[in-house]
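One structure is given here, and the rest of the page talks about it.
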Amino acid sequence: MADGLNMGSLTLNDSQHAPAPGGPPSGGRAAYIPPHLRQRQVNANGDGASAPPPGPTGGSWGGPRGPRGGNWANANAPDFNPRGPNGNTNTNSGWTATEAGRPLFNPNAYGNPGHGGGYAGASARGSGDGQWRDGKHIPGPPNPRLERELFGVPNDPTKQNTGINFANYDDIPVEASGHDVPEPVNTFTNPPLDDHLISNIALARYQTPTPVQKYSIPIVMNGRDLMACAQTGSGKTGGFLFPILSQAYQNGPAAPPPSAAGQFGRQRKAYPTSLILAPTRELVSQIFDEARKFAYRSWVRPCVVYGGADIGSQLRQIERGCDLLVATPGRLVDLIERGRISLVNIKYLILDEADRMLDMGFEPQIRRIVEGEDMPNVNDRQTLMFSATFPRDIQMLARDFLKDYVFLSVGRVGSTSENITQKVEYVEDHDKRSVLLDILHTHGTTGLTLIFVETKRMADALSEFLINQRFPATAIHGDRTQRERERALEMFRSGRYPILVATAVAARGLDIPNVTHVINYDLPTDIDDYVHRIGRTGRAGNTGIATAFFNRGNRGVVRDLIDLLKEAHQEVPSFLESIAREGSGYGGRGGRGGRGRGANATRDMRRMGGGMGGPPSYGGGSGFGAPASNYGGGYGGAPSYGGAGYGGGYGGGGYGNPSGSTGPSSWW
């Protein structure tokens, strides 16, 4: 029966079959010989090297059909030669040969097919990517599908557009301190920006730079370090992406370090030129999405790495090439230890939400990344720090990372936007759910509502309560998996679940368009956290409402809350004034751990007395509890936290306690 089997006009006895090497002639029954033994039998019979069956393009097993002639199954195949049969490398790989036989980086091949990581051959980058050729940036062809994914369509509710109060940004005061501060720009034009970046900015429908962008673009383009303190929602991400991408398009890729030579195939170790550090998974993902927008059709490859997600997929992304890396500190340290990322080529270091990273305990990892690895020193890189608040001690720590920097203070920094209408309601804990339902019924679900709670358990419980009350709600917090968090945020952004209950994990830096109402169901213990929470609405000139539930359990922030409301020209309820008068021990200006806003939380410390030489010393003098004009003790010498100030028992008038460490208003 087998003899009669016919497969597509071929039979087992088909005379068209090639005879087995050394076997009977055509037409007889041939004995089956496994492929890996056929060549051996040919050579044993002295018949020479007949052509093996054709293999896949690339020549991995079937003969010299691929560009490298690889044929590991052929005993007579030539030895593998990474420089090709003539001793030259494939120019598509980004390498050229020297007389000494060492390959050199060929920047003109950057972005060609088979050019991975900027240095070694890999898969083509795709139809939407550009190239660097003959010293020029060659943008890739348009990709309509990717364009819709990145930029949306006009009036897309999931994409942020400037709001009705955007023109009022011109009235926001800006203070830039430092010597030779460049003049601000007022439009997205060339110069100083690259034409390709300007076209991507137009695709994003951005028409006018925000105040922070007007100043940060020329500052960074002139090679200066920057510490930028800007009103939340004011375009800080564009403030650092625009200038570093523009310079990348104008200057091209950097040559790899000598240690990168010899890495063929996919690049195992990435050598990014720009590093952006941020505290949370959500924020780095958001920055990465923005980088993809403005790197569209360019040679620059953005990558993102963060904890809580599959490291394998992140490694594969890095292997395909990584020019701009967005990372959380913990995952970056992990990849450095694995030998998969080198910082030796870094030209730009950006710390976003820098104060939050230090508050969250990332200082050891940040110092290791900046000072303990192979990153160029402070004089050989540009360092940019962006945040909505820069308390005094954070500025002192940042001094170690910056050189000759410009301090940029835009608007009422560390404060709130007047685009946000703030309301404070006195609500006891047991009444919060009923008051919340009243608010939701009153305002409806026409916009997005973000509700902040303090604990993960409360986030789950409150979202379940709202669902039972027929309100479409979801929740995110630190115990949710990364996939669950991303799905919840996507459902919230799209409006399918217009109510999101969140812990502080979503408070900082997340840019969620069209959030019209923020409710602080549980007030935070730090006024800076309150600022960042309500900053999720009123972004990019849009207006929003922020409601806070306050009771005597929150009296620790009452004075800072009153000052903040007055600063933003908001109504101050009488019960806040009454509670503030009840005791002077609460509401001390220190905030959490001495990092409170105070009168100078957003001023350039170089313009205050005490000097800036040497590591910080917080001892001596009057301490942090003294009037703002008495920051005695200087900032020279080894770190010291003793004396009558910070950490020295909070003696005397320390830490906002007029009665000393043993008085009736003592913190202890």
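Counting starts with 1 at the first residue shown.
Using the three backbone atoms N, Cα and C, a Cβ is placed for every residue, glycine included.
Checking the ranges 264-267, 352-355, 656-659 against Swiss-Prot, the motif 'DEAD box' annotation falls on 352-355. In this structure, LYS236 (ATP binding site) is part of a helix by DSSP.
The predicted model assigns the motif 'Q motif' (186-214) a mean pLDDT of 87.
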